[in-house]
Amino acid sequence: MSFARGAGERDPRAVAAPEAAGAAAGVAAAHPDGPAAAHPAGPAAFRLADGGLDPRTLVLYAVTDRRWLDGTTLEEEVARAVEGGATMVQLREKDLGRDELLDEAVRLREVCHAVGVPLIVDDDVEVAVAAGADGVHVGQSDMEAGAVRALIGPDMILGVSAQTVDEALLAQERGADYLGVGAVFPTGSKDDALDVDRETLAAICAAVSIPVVAIGGIGRDNVRELAGTGIVGVATISALFARPDVRLAAHDLLVRTRRMLDGVRCALTIAGSDSSGGAGVQADLKTMQANGVFGTSAITALTAQNTRGVTSIMDVTPEFLGEQIDAVFSDIRPDAVKVGMVSATPLIRTIAERIDRWRPEHVVVDPVMVATSGARLISEDAVGTLVAELLPRATVITPNRPEAEVLWGHEIQTEKDMELAAAEVGRRLGCAVLVKGGHSLADASDVLWRDGECRWYRGRRVENPNTHGTGCTLSSAIASNLAKGFGLDESVMRAKDYVSGALAAMLDLGAGSGPMDHGFDLASRFVEGPGE
Ligand SMILES: Nc1ncnc2c1ncn2[C@@H]1O[C@H](COP(=O)(O)OP(=O)(O)OP(=O)(O)O)[C@@H](O)[C@H]1O
Ligand SMILES: Cc1ncc(CO)c(N)n1
Ligand SMILES: [Mg+2]
């Protein structure tokens, strides 16, 4: 199952490990982006049908720097880089004489064209043309882009550096095929000030229609911070050529860049473990996987639980809960958080404090109070802390009917009561409120209150007595959809469809109200054994 991309994200392209490619064709087969390897050499080969530069050539842009050579040649290092997956190479050697630069360009052209990768020469237009390179890259202080275009003709690739929206628009107007924008991170050069911050980078990407590649201080540890800016790739120098194994470094950075571009979305569930697998963390992780999101977890309590009830609960310590949350956020930043069962005040406070520390984009809180089996999952005194200190930090809360009655302070007898409860609680807590109608009201319809508006999500009641974990499943499905970039309305609608499908699969396990089939829409249903 492929992890879903964010809504509107580009389609990812599989990255083949170089070693996976047949050795017979030498480096040509090693190029992980198939189509580029098939390209005949020549600049027009790297253009799309509309004449624009194929953005796939810019995913991993290796810029040379002879300073990093350690007993090898530029040719050998560039060959390693393209073997590892570099999709474009720029010969950038400011202190080489013209003849030497030309010789180097011809040698690198052969290395690059052997694997269908374009070679760009930095700054020197004449050498680029003379060497049969595929293009030239000029900075703001080099020859003006329009003049370069006049010299190189329509086919050769023209790259231009830009640091502002104005520079970017002017370069595009004068015929640039792509923009190099940076430095986006400290580069260790003399003036270490960031030339281009994230907002400017994103503004440039939004302003132009030609592809943008980020450059400056980019490496394996920070490339993910460029997600969502609109770039199509990264240009890098030392992250490849300063590494002992350039091929490995290129492959590693290509995979990480692909992950940044393709948008593998992650979610974190902070909830209790349900030994029966139907609710809690287990339900959340299965739901996230089924909804194309990578699930991570921080466990608040262990419950000995099955379809008939809860026999024992063991809370973790607040310190350990905080460490679990920190461990996830410090390494795999989730795009959304779902909070489920939290039984005690110190644990609730720990979660509130970590939300303030890590500032997740989306927080879905399922105010779990009682399990389907009737077991109480939060202490009386903790409900007050939940309401005062956690729910106001939520993007949306998802109380079922009994939980909504506790939060509202009145009984809910009708759909109008559901609306009133959602609105009053939402106004008081400053968050969106989804009051779920699973518990015995006519159909399984839920009402969302947000910013003064109520919206109903009509559901058809599935005649299935096995509803253990429906609330956990709904809230983690909402979190998954928010993580993928859908708005709240769409996230709730998709989550509800998912729950209905999981119920309609009619899984029947255990003597009590059993779990749902979280994997109902995957090919691998529960395998029907050979039977007795
Ligand atoms: N029989 C059903 N048919 C269709 N949808 C249902 C059914 N039961 C519940 N739902 C839906 O499942 C979602 C969860 O609602 P529910 O009221 O069951 O949550 P809950 O009580 O918090 O569940 P949990 O047992 O996990 O705590 C809601 O969208 C609700 O409309
Ligand atoms: C651990 C856990 N969390 C949430 C629920 C709510 O169903 C449950 N039954 N068990
Ligand atoms: Mg519930």
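Note that Cβ sites are derived from N, Cα and C of the backbone, with glycine treated the same way.
Among the features that TrEMBL reports, 4-amino-2-methyl-5-(diphosphooxymethyl)pyrimidine binding site is placed at GLN90, LEU91, ARG92, GLU93, LYS94, ASP122, SER161, LYS190. TrEMBL lists ASP123, ASP142 with the feature Mg(2+) binding site. Positions annotated as domain 'Thiamine phosphate synthase/TenI' by TrEMBL: 60-240. Annotated domain 'Pyridoxamine kinase/Phosphomethylpyrimidine kinase' per TrEMBL: 274-517, in sequence order.
Across the fold, the C-alpha of LYS94 (4-amino-2-methyl-5-(diphosphooxymethyl)pyrimidine binding site) and the C-alpha of ASP123 (Mg(2+) binding site) stand 8 Å from each other. Under the DSSP three-state reduction, ASP122 (4-amino-2-methyl-5-(diphosphooxymethyl)pyrimidine binding site) is assigned to strand. The binding-site residues examined here are ARG92, LYS94; by Cβ neighbour count within 10 Å, the least packed of them is LYS94. The Cβ of GLN90 (4-amino-2-methyl-5-(diphosphooxymethyl)pyrimidine binding site) lies under 8 Å from the Cβ of TYR61, ALA62, VAL63, THR64, LEU119, ILE120, VAL121, ASP122, HIS137, GLY159, ALA235, each on the same chain and at least six residues away in sequence. Rounded to the nearest whole angstrom, the C-alpha distance between ARG92 (4-amino-2-methyl-5-(diphosphooxymethyl)pyrimidine binding site) and ASP142 (Mg(2+) binding site) is 13. Between the alpha carbons (Cα) of ASP123 (Mg(2+) binding site) and SER161 (4-amino-2-methyl-5-(diphosphooxymethyl)pyrimidine binding site) lies a span of roughly 11 Å. ASP142 (Mg(2+) binding site) and LEU91 (4-amino-2-methyl-5-(diphosphooxymethyl)pyrimidine binding site) have their C-alpha atoms 16 Å apart, to the nearest angstrom. Most Cβ neighbours within 10 Å among the binding-site residues GLU93, ASP122, ASP123, ASP142: this distinction goes to ASP122. If you count neighbouring Cβ atoms within 10 Å for each of the binding-site residues LEU91, SER161, the highest count belongs to LEU91.
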